[in-house]
Ligand code: ATP
Ligand code: MG
């Protein structure tokens, strides 16, 4: 049997892991050392040499993209092409088990999955039915509580109901479970927990899968949480061999309950585990690898690994200090375009990685402006996010009261005592009279006895809120208008009370919407005939629906550092390396969290194969605030010799200096740095954003405080530095 295709592309240490005798194995190794390659080759080896069948394999990882790549790889090594393979994510595989065994799981055959937005709505509805005070018990906090309990494998009845605090939460949890049951829906956390319970309660089923899955393989093991570990222990029976790969330096989900200690626990629970180490990195240039190694060496409590490469030194890491976030996006997009056009890189070879989802918008806009296809992974595009859609729905209603979809979305968001029954009455009235929901609402609140008193008051308050907002903000600038809407409708206060990281994220996104509106109003000259609100809403709607290239198209990859785990790209831009943003300000106080941020930086750096470009903005308008930032400590932690600072300065030379020889106008030799403040005789004060060309053709782009952004011919602009 020829297995050279399985063995040849491996180094001796990798080969040892792939061909290890039966038994449990743990491959502990740094980034880019071939862990995922070893895992896929091991799967193929088991079938082709050890006599397993593809049916005996269970291979698990964390993200959909990584799972799809793993499946494709194993199928190609096995020369098969079928969905019979059990390769997927924890959630995906659980879902598959529940679909197959819905009866044993106690689910209706056509059960549906709740995304977290739907889940929140349901929790809220349950709380209303139980008359739980949402001011004391924020919905999101309860939602987070329910998910955390499920991740820990606990049901409502397992909780201490005698304690008034947890008793109240348990009461909501129990009612929520009941509501899910009667609606026939399961949330994400439920997929895992339900599968575990189903297997525990149906030993014949458990036995079947344990006999079947003789070989269980897990990638990125360092990020498993409690219920995932339970799930694995169940499915891998006494006869099964477990092969896990991981890297403690890449453990980045501690904040979501992942336990890096599971690596140690595994060695205890699975006796005679063979531990293998890989030390050669095949992914990155020596420069990139050295930078990553130096950075991560600052963490304490590491299991300790070596990592070296035979590869070339490669180019230095480029570091660009942007003037602001737009300058940062401009730099990234121009650089990547140059690489695509001049060096023939595919767009999909380039990834832009950032710490938080809110950062994607500036990049999306810059890419869209240049018509460069891109794809955002693992997160909704900005204008599709729920909280943004809520804010936009209010604005749509201000622009057009008859937009019933918008009204329905926010009539009770945030909750204001307008229940389903009222909405149902509204719907019926609107239907009977053939009018919009808004018209029906006005009619109902003015008709005596149209609604029960409490419902009538709540609805009247809503109608007055919208009309009042319209009156008060009609003449305000767009950004101010949105700010007022977000505050007055309670969207902001509602999230503010929640206090979870997710709510914080959403608040930041709302602020980002205000920033977007401000920039839009300033830059939008094309649609001057439309009022700014209408133009902005059209912009948002078009952006949400289009420009998102399909996965099949060659497009630039945008994602958070968390979703980049396990992936690699020839070119990586690591954006927003500023103190407070990355490391995140909430992490810097706690050594444990800071180390997790550093691991995240390590993950980011080690995604790059040939080129790594790091950017930060000295001034960033994020979350609606202008912040002056300093470079992230992670930049300072890189060896300076490996980093090359990109010069943002350029020189502008007047006509004389360019050699016209006439000597009539004074030589206007000037040098402006991006971000420098300048004065123009007509347009006033502004900031240099960009430049093009040189000599007499040099043009400068200036963002004027009052006159907006303009391109000027440098030689004639007579700009003065201020
Ligand atoms: P991460 O920790 O980031 O998940 P990893 O350890 O899983 O990384 P892989 O993704 O498996 O690493 O491998 C990194 C890169 O090195 C891949 O492009 C892979 O194809 C390549 N590679 C791995 N082993 C070898 C080898 N022996 N010879 C040549 N290339 C290799
Ligand atoms: Mg990997």
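Backbone N, Cα and C define each Cβ position, glycine as well.
Here TrEMBL flags 8-285 as domain 'UvrD-like helicase ATP-binding'. According to TrEMBL, the feature ATP binding site maps to 29, 30, 31, 32, 33, 34, 35, 36. TrEMBL lists 286-566 with the feature domain 'UvrD-like helicase C-terminal'.
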Near the ATP site, what residues other than 29, 30, 31, 32, 33, 34, 35, 36 in the same chain have a C-beta no further than 8 Å from the centroid of the listed C-beta atoms?
247, 278, 281, 283
Out of 30, 35, 36, which binding-site residues lie by ligand 1, with a C-beta less than 6 Å from some atom of it?
35, 36
Output: those binding-site residues from 29, 30, 32 whose CB lies less than 6 Å from an atom of ligand 2, in sequence order; none if no residue fits.
none
Where does residue 33 (ATP binding site) sit in DSSP terms: helix, strand, or coil?
coil
Cβ proximity for residue 29 (ATP binding site), under 8 A, sequence spacing 6+, ordered by residue number, returns 35, 245, 247, 276, 277, 278, 279, 305, 307
Around residue 36 (ATP binding site), how many other CB atoms lie within 10 A of its CB?
20
For residue 31 (ATP binding site), list the number of other Cβ atoms lying within 10 Å of its Cβ atom.
25
